[in-house]
Amino acid sequence: LTGVLDDCLCDIESIDDFNTFKIFPKIQKLQERDYFRYYKVNLKRPCPFWADDGHCSIKDCHVEPCPESKIPVGIKAGSSNKYSKAANNSKELEDCEQANKLGAVNSTLSNQSKEAFIDWARYDDSQDHFCELDDERSPDAQYVDLLLNPERYTGYKGPSAWRVWNSIYEENCFKPRSVYRPLNPLAPSRGGDDGESFYTWLEGLCLEKRVFYKLISGLHASINLHLCANYLLEETWGKPRWGPNVKEFTRRFDPAETKGEGPRRLKNLYFLYLIELRALSKVAPYFERAVVDLYTGNGHEDAESKALLLDIFRDTKSFHMHFDEKSMFAGDKKGAKSLKEEFRLHFKNISRIMDCVGCDKCRLWGKLQTQVLGTALKILFSEKEIQSLPENSPSKGFQLTRQEIVALVNAFGRLSTSIKELQNFKVLLQQTR
């Protein structure tokens, strides 16, 4: 992959260098901080679109709770919200212990703590939300330690997985039924059509709808890259060995294996990276205010976490080839408003489809990353509100919940990792030739 990306003035080599030398090392450290490692999610919401296919029984899809005592006191304290410092931070904070079972999702919250998160469940009614958010006060919502539940190959595949992706692409990407995606296993045989009719249709769309498709395709490519890079290579005597699977990567992305589709998917990954990078640079003023503490109960760690986050923001603002979101929804006001609302409803629908994923670990990361697509758009179209935020009081006009903040950092960390893993696969492929 080389050269300039479509629909923006940025080249792949610049993104590779920027990510490798500036973003990747710092975002990895930030994800290890307590504030960003615990994500609350409801993995028990029923699929709203079709009868449940049944859950994946593979052990790497498994969910197992982690003791409540291991959640940092500041995260579960009812006396503090995500902005304020609490007087009581004397309890020792501990990291969540390694799960007993391989790959188990570690989550917990006892009934007496359910009311602890009302402050974090407040949403700004004046904001448009681009995704369907879990009700954090639901008894089924649980905290998950993301570090103990890495996104990797679980064995979840086949008709159930294809049904989810097909529903996303076919029903939510502004696509007519008569136009079939390249390599869609559910499409009828198209003879000599190698997908060019799809791309002819795509080029005929307005910029906004092309961007929508590229965001979804980029997310799909990123998820597939994680599965290839963190693959179960062998399991002998109960000791699994995870690592990059070059054969699987080739099957999913090699031009010859995918009729040229693989490189297009990877370019969409870079495009998605640019969109989320732009969102981070735009939301920096929100976090630069003294009122935002990234509170966990450990004052020293909280200060270090914020310093590292602000350092990353400085890097994002220094990038000189950002995507220009002002080119979107720039037509007549009535048409732009209608298109933006259509955008928002499509994204909300996709976030609901994630409740149809049969593998809990796949569902966890799918929900987190689709939530961030919506959060990124919410940021990009709230520039004026962000610029006019009060310095020393809670936000009015624009607000992020702790959930959105945690998801934003972790999802961008996933994209940063994908691009880093792509560089690794390039080296591995050269070695095998």
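Placed from the backbone N, Cα and C atoms, the Cβ positions cover glycine too.
Residues or ranges marked as active site, nucleophile by TrEMBL: C359. Annotated active site per TrEMBL: C362, in sequence order. The FAD binding site annotation in TrEMBL covers R152, T154, W165, S217, H220, R252. The disulfide bond feature in TrEMBL is assigned to C56-C61, C359-C362.
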Counting only residues 6+ away in sequence within the same chain, which have a CB under 8 Å from the CB of S217 (FAD binding site)?
R264, R265, N268
Specify the nearest of the recorded positions C61, C359, C362 to H220 (FAD binding site), where nearness means the distance between Cα atoms.
C362
Tell me, how many other CB atoms lie within 10 A of the CB of C61 (disulfide bond), whichever protein chain they belong to?
22
Just to confirm: which same-chain residues, 6+ apart in sequence, have a Cβ under 8 Å from the Cβ of W165 (FAD binding site)?
H220
From the Cα of C61 (disulfide bond) across to the Cα of C359 (active site, nucleophile), what is the distance in angstrom?
5
For R152 (FAD binding site), what is the tally of other C-beta atoms lying within 10 angstroms of its C-beta?
18
Within 10 Å of C362 (active site) (Cα-Cα), which of the recorded positions C61, R152, T154, R252?
C61, R152, T154
If you count other C-beta atoms within 10 angstroms, which of the binding-site residues H220, R252 is the most crowded?
R252
Distance, C61 (disulfide bond) to R252 (FAD binding site) (CA atoms, angstrom):
22
